[in-house]
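Here is the structure we will look at.
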């Protein structure tokens, strides 16, 4: 970013570069200047850009298929391990650079029809490095945004860019001060900006991260020194003082710009009064207006993924004969990328034979469409009461042109489960679907007289179930909601482990259901916006093969918003049957945010209700964890209960309480530490791993 400050000082001195070359961040700044942006516009782009979004590959959660979001609700971690026939398929970098590529495409769109960089407002060169040979590659033609993207592809962080069959990465490892990239321009003088990372002293190298940083700094510093040694007497070197500003600290863009300006003024002297420019060339002007919205004549799909072109086209709302709507295109591409079938998706405008063609370019995933997730689900009140589970899932996506997906979910622990499902869209708009499912689950249930956990349980039994079913339905409002119908069959066994034996040892349940759902929560660990709701009606009938006949209604309502820096989540849940159901309907309450003063899953009933108000706020500083780890402080108010008999359901018997907690994201999933209270003098200290808003 310091390059912008240098350009600002040059502009004030009436010095207008007649050619520019750049490496890494310098390639972006140089490319913008060569495209014809003013220094003020470049500074505005740098300081107002959402860099956090740029260096993230994640589409908003609500952009993925609704069915995928429900599969992921049980997965406590976000990261995925790609798997192919050789085993785990590790990516070449932490980020594909999906959002960054789209941003670069848009800010360089004025130059979309120029492939010879000498024809830009100012001749331009981007310098990258060949990852195979280590040699510098000077890019002077092609797609400008791709050249810039290649020049800043930091090894290990950003996926290398393939240009002319070469695997290109950040040019800093080969030539961080590319003074020879413009040798064909016959220039009189060079103005060189040296922003190479400083070398650390021995006493400062105290961690593996600093060792790696030192190796990178040495590599860059050495090639920079070699380049600087070839400068001529008339050339100018400007070296900003960037102490305390790392190359990835985009929040300090303004400080970096100011540092570049100060260093340039120190070399050039104070800006003079208005005078004749020192350069004969006038300032560059934008090649094309920024806000052009040409009418699209044709949309062309270039699809390297497994799903059909019809699926991609159906997700693009832009229509021929309409002006280009960039915001809509970005949103549509985000939805396509969330399908998780492609490494990158971008769009490009081309004028061919007088027609404006919109190309949607979907690049096939280079690793695999099969991935696994692992995580920990754990709850303990430090009194010997708790639940634990090691979660794992395997998903095989893109099994056919409509994106059929097989998934296996497993949990090993106190409540083991194994489930397999196959989600199959049946139309190219991915609206209608069928989904068969089969699984096994088990849990241990303690029953207390009047749910008084201070007395010993009068019975403890083990419930195991095998179930299967088939669902069909339709996604609603671009995957924000879903209407689902289905039938399910369950066979269960009950084994009394302690106390009064149960009258039944096995049971059969068959039911049909209808569920209307909505889910736009932005995340399931610390929601800050969105709505989550579900209304489900079940009819259990002996005519289907069930032991008992009854109707059951499940209601879930949730709303999350942000007020004055606080995230507020209000939720309510109820499961009520019109008659007395069997053992299959017994559900638990207790534990963190589920009547926090009670032990985890300590009270069980055929009917249940829970309401809670949860408020969280990110802490600016924490004294224990690294500063890069975001810690949240929170508080909750909760009320609810469970009942064995329908006649006992009454609001007067609701138990109230709350909790105070700290939470953060961990490699094993979201983790929380809390103290809780529930009416009846029940207190607890809880450690919890897993999603609590699923």
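Each residue, glycine too, has its Cβ placed from N, Cα and C.
What TrEMBL says about a protein is an automatic prediction, not a curated fact.
What you are looking at is a predicted structure, and each value in this text was computed from that prediction instead of being measured.
Range 22-26 is the one annotated as motif 'GXSXG', of 7-11, 12-16, 17-21, 22-26 (source: TrEMBL).
Taking only the Cα positions, the spacing between residue 170 (active site, proton acceptor) and residue 24 (active site, nucleophile) is 6 angstrom. Across the motif 'GXSXG' (22-26), DSSP helix (H, G, I), strand (E, B) and coil residues number 2 helix, 2 strand, 1 coil.
Taking the Cβ of residue 170 (active site, proton acceptor) as centre and 10 Å as the limit, one finds 28 other Cβ atoms among all the protein chains shown.
According to its DSSP assignment, residue 170 (active site, proton acceptor) is in a strand. For the domain 'PNPLA' (1-183), the predicted model reports an average pLDDT of 91.
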